[in-house]
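Chemist: Here's a structure for you.
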Amino acid sequence: MGEAMDLNNNIHTQNNTNMVLVMDFGSQYTHLITRRIRQLAIYSMCISGTSPLSAIKALNPKVIILSGGPHSVHLEGAPSLPIGFWDYVFKNGINVLGICYGLQLMVQNLGGEVKPAESQEYGRMEICIYKGSELYGDCDFVRQEVWMSHGDEVVRLPEGFDIVAKSLQNAVAAIENPAKKLYGLQYHPEVTHSTHGMETLRHFLCDVCGIAADWKLQDVLQEQIQTIKGMVGLEDHVICALSGGVDSTVAATLVHKAIGSRLHCVFVDNGLLRYKERERVMATFESELHLPVTCVDAVEQFLSKLKGVTDPERKRKIIGGEFIHIFDEFCLILEKDLGKKPKFLVQGTLYPDVIESCPPPGSGRNHSHTIKSHHNVGGLPEEMKLKLIEPLRWLFKDEVRKLGEILNVPRGFLKRHPFPGPGLAVRILGDVTELNALETLRLVDEIFINSIKDAGLYDSIWQAFAVFLPVKTVGVQGDRRTHSHAVALRAITSEDGMTADWYQFEPKFLAEVSAKICNSVRGVNRVVYDITSKPPSTVEWE
């Protein structure tokens, strides 16, 4: 596989005294902690909880946060911290905050005891805060609603620790040992369900730990540009796969700012695009973004390889592989024109893409569960000849949009809803080449999105799209019995794509959209609306 340039690992890590390091023990909320800290204008990074001590030392953190996770600390094989971790922490005066599993790991490591709870706590709970604690400071809210998710509980504290909050069920909710700079929360302050969680994080990081809130995306931009200039030789050329989405466009604009005309962009029509997407996107690239883009028509190439394929993971692998083959061919053409072959490929991979593609527990690399492989990070063939540049790899979607504003990418373009790299292939359940599914889905999706825009709701929704279902249902259209396709509509609200809630349209709006679709799209006689949040579902259906 091509070697990815982990450019953002260099952001604010050298000579930085304000690094907050999050150690991931597998909670689905772990990376939300990282994002919440960045919202406070404090730089944060996340690494595996079982990373070697050398990796931690290299980052020189001022604060370490131990995340939650699905494991029990008292069971054999549960992930733990590297040997020498606590000696390193105490010697360097590093503040440590354990959250959920992280709290329990701290307690167990330092001589306390954790056991399975008699009464497990999941979901919204109320806690009572003790006055005079350092962790909460002069908090006005003695009672707070928080989000619990634990089946174990602390039954004995290590020496020097005090309980500073309890749940109404009398379970330990927060502990601290200020002399050792150790703190713990049994709940998740990073989720919105914990009503004062952000206040607690801000107080802990800024007031208790003394971290300055001075991290800015403008600094990220300048550091990225310098890093790219240092990695790409003065005579090296780079190609970028433009999808028409925000991520690849911001990545291309950033790299273009760094190396200028040595960036060559390619837009691939793979036959899996939305209604008139090719024409609309190319017009935007040329008239507004002024990026030099070559359009490659590869519809037949992709659809022939996808014919008969129904497994979503295989679809992703095929699509990722075909993209790389096209880029290799594009390189050969460029080589003839330039006299040398490009060495690098730019991709708009984001943090959530990496997170959802991480390996499962027991792999030795990470303890988060793999949800699905992303086309950027999980679908590249071993023989790939280009080196990857992924300048947004450690950024969240909202941060990418802010970076785009700094780069003067048109605001209307930055507001576009996300669109998956595999395109409509992951919105058609089953074979994308059968049942006229692609054309049907394009028309349904166009009606849905235009209706949202006409209602003035587009900017209030993170992502909206239609899904083609592999089922037919009985209906009555024009006084005749029909046996036609069913389609699903999905619209969500989110801040970063890591968690999401379904958008609550007015019933009248959904009724009108359903009528438009059934009356306008031949072969569709039933429309359903997806009311599932993330978790438990993902945003896309495949």
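Residue numbering: from 1, along the chain as shown.
In case you wondered, yes, glycine gets a Cβ from its N, Cα and C as well.
Feature table excerpt (TrEMBL):
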- 215-416: domain 'GMPS ATP-PPase' (DOMAIN)
- SER243, GLY244, GLY245, VAL246, ASP247, SER248, THR249: ATP binding site (BINDING)
Chemist: What is the one among the binding-site residues SER243, SER248, THR249 whose Cβ has the most other Cβ atoms less than or equal to 10 Å away?
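Modeler: Answer returned by the neighbour count: THR249.
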Chemist: Whose Cβ lies within 8 Å of the mean position of the Cβ atoms of SER243, GLY244, GLY245, VAL246, ASP247, SER248, THR249, the ATP site, other than those residues?
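Modeler: The surrounding set, listed in chain order, is LEU242, VAL250, ALA251, GLY348, ARG416, PHE419.
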Chemist: Using a Cβ cut-off under 8 Å and a sequence separation of 6 or more, which residues in the same chain sit near GLY245 (ATP binding site)?
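Modeler: Counting only residues 6 or more apart in sequence, the Cβ neighbours of GLY245 (ATP binding site) under 8 Å are GLY348, ARG416, PRO418, PHE419.
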Chemist: Using the structure shown, find which entry in GLY244, VAL246, ASP247 (the binding-site residues) has the sparsest Cβ neighbourhood within 10 Å.
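Modeler: Among the binding-site residues GLY244, VAL246, ASP247, the lowest count of other Cβ atoms within 10 Å belongs to GLY244.
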